[in-house]
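**Student:** As annotated by TrEMBL, transmembrane segment applies to 7-27, 39-61, 73-96, 102-125. Per TrEMBL, domain 'Polysaccharide biosynthesis protein CapD-like' is recorded for 287-563. Taken from TrEMBL, the feature compositional bias 'Basic and acidic residues' applies to 587-615. Positions annotated as region 'Disordered' by TrEMBL: 587-635.
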Amino acid sequence: MSNRKAAVALTTDTLGWLLAGVMVLALGSHEPPAPTQGFAVFLGVAIATNLILGTLVLLTYRRRFHTASFEEVSVLACQYAIAALAGFLAVAAWSASTGQTISALATTLIAVLSLIIALLLRFVFRAARAYRKARDYQRGAHDKDRIIIIGAGEVGHQIVRLTKNDAASPFLPVGLVDDDESKKRLRLSGVPVLGTVDRLIECCQKHEVRTVIIAIADMPNDRLKQITEDCARHGIKTMTIVPVREIARRRLQFSDIKDIDLADVLGRREIHTDLSRISEYISGKSVLVTGAGGSIGSEIARQLHRLGPRDLVLLDRDESALHSIQLGIYNQGLLNSRDMVLCDIRDKDALREVFQEHRPEVVFHAAALKHLPLLEQYPDEGWKTNVQGSKNVLELSEEFAVSTLVNVSTDKAADPTSVLGRTKHLAEQMTTGLALERGLRFVSVRFGNVLGSRGSMLWTFKHQIDSGGPVTVTDPKVQRYFMTIPEACQLVLQAGAIGRPGDTMVLDMGEPVRILDVAQRLIAQSGRDIPIEFTGLRPGEKISEDLIASGEDGQRPFHPLISHVQVDPLMPASIETAHDWAMHGRAVHSERSEHAEASEHLKSTTSDKHAEEHVGAAAQDAQRHVAISQRGGAR
């Protein structure tokens, strides 16, 4: 409450006590005449007590409650009762010292009347304020966007209150729709429930509404998709709110209402993770994230920060990306702390200095080159980062006794047909090889496309639509798996908790989505007539991606959305033998003999039977590369 409003409330309450005292004194019948001194004692003590309680204890004069709300009325009644009791005690003491008395009924009436006056004044103030708001709101109603809200629950009611109580609101709520029959003919802050969601389009047309806001947090994906498509066909804009967890402890704001996007349609899936197991290997530990400035790395870093690691070391070769992630996590971008590391994983000596200084106990390896067409043109760059860079991270993690390493991979590593896929597949193999040979908890996590990452399909389509088109799609049959970045990173952290040494874990991405459908949906949401142009598949691209390669057997022993597969192990020291395969998709005869020699060396230097079983697969690695290459050529 502002100082002015507090002063007004305190003054009116004081005047209410005095007015009540005058009324009782003037209208009452007193035989003999009532001593005014006794009334003065009662009123003086009651008013002083009321002032102390309202400003220092119960805080009714400090805007703790909404004016004339149930909470304020309840607390105010208690406050007045205590003030009256203090007045009674003061009168009793006065009576004992003077021998004079006043009627207990009279003092009770004063307390009751003063409370009634205080409440009446508050209701008058609230009604006057509501009238002014309604008047100001109606004056600008013709400039506002008429909306219907889907969902008449608590969130829907919050949207109604927000849009009605602010004269600067861009929205005018004309109604709500809800499938709950018990809410028929209900009114929320004066706004009626018009019917069920099935009547949404009819209600929009009847009330000339061009925008709907979805206020149901757990709406199923298929229902959400149906609503957005129906609205798009009729030229109606669809909006929603940010996730409920973001507004659970604060009031809804206009900035929380946003345009519905593809992530809302495709990514609304409840992800359950075991926070206790994740915290067990993160909390209080020194954690290193490579590629921390990228879309995946930065979200992993944000989620790790909330788990309380002792040190969170963020490494990237892009200084602007480091500035962005520091600003996002710590709300400052000074870049003057040692936990922001400018380093390229290709430079092993520089990377070793990072490991020596920070001694990470957990490593999330997200640094990679990911654009398939560019790596087809510049395959050596993919080799240097995705293979040699990963080799550096793996070998230094072993050297500095890292307890857990999570290698972030891609679905393109399953039956790879591109430089990107083959280099990431080799990173998986090296992770498995080193884990099995040395008994380390090093694992890989493989998943498909994420929504909203930098340079992703969504970015491209939105830019093309904003520019007037055309929207380019490689092939009308192309389909891909999608997941939101936060969902993927939640499961990456979970995978780090449940992965066994050498596991490659594959995230459940749901059903694949046709890219043409995505383009058409985004165009429909824009309300513009944008052409679609088919450009043809680029070298290395597939019509559809495989999450699990042929020959891999995915099991889900620990989590319903995470499959565990085994890839053929390959020791980092033997990686040069796969260079030609990674670059061009072909294996040569010399590779087979080198893999065989590597296998014999591993067998001769270990007596562990379990390790022998796994390194024996290395002798077949070149043959597998040949088979994969042949499958890729046949696609």
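From the backbone N, Cα and C atoms, a Cβ is placed for every residue, glycine too.
Structural setting of the listed features?
**Tutor:** Residues 1, 6, 9-10, 13-14, 17-18, 21, 24-25, 72, 75-76, 78-80, 82-84, 86-91, 94, 102, 106-107, 110-111, 114 of the same chain lie 6+ residues outside the transmembrane segment (39-61) yet bring a C-beta within less than 8 angstroms of a C-beta in it.
Residues 37-38, 41-47, 49-50, 53-54, 58, 60, 64-65, 102, 104, 107-108, 110-111, 114-115, 118-119 of the same chain sit 6 or more residues outside the transmembrane segment (73-96) yet have a Cβ under 8 Å from a Cβ within it.
Long-range contacts of the transmembrane segment (102-125) within the same chain: residues 9, 12-13, 16-17, 19-21, 23-25, 28, 30, 34-35, 38-39, 42-43, 46, 67-68, 72-73, 76-77, 80-81, 83-84, 87-88, 91, 95, each at least 6 residues beyond the stretch ends and with a Cβ under 8 Å from a Cβ of the stretch.
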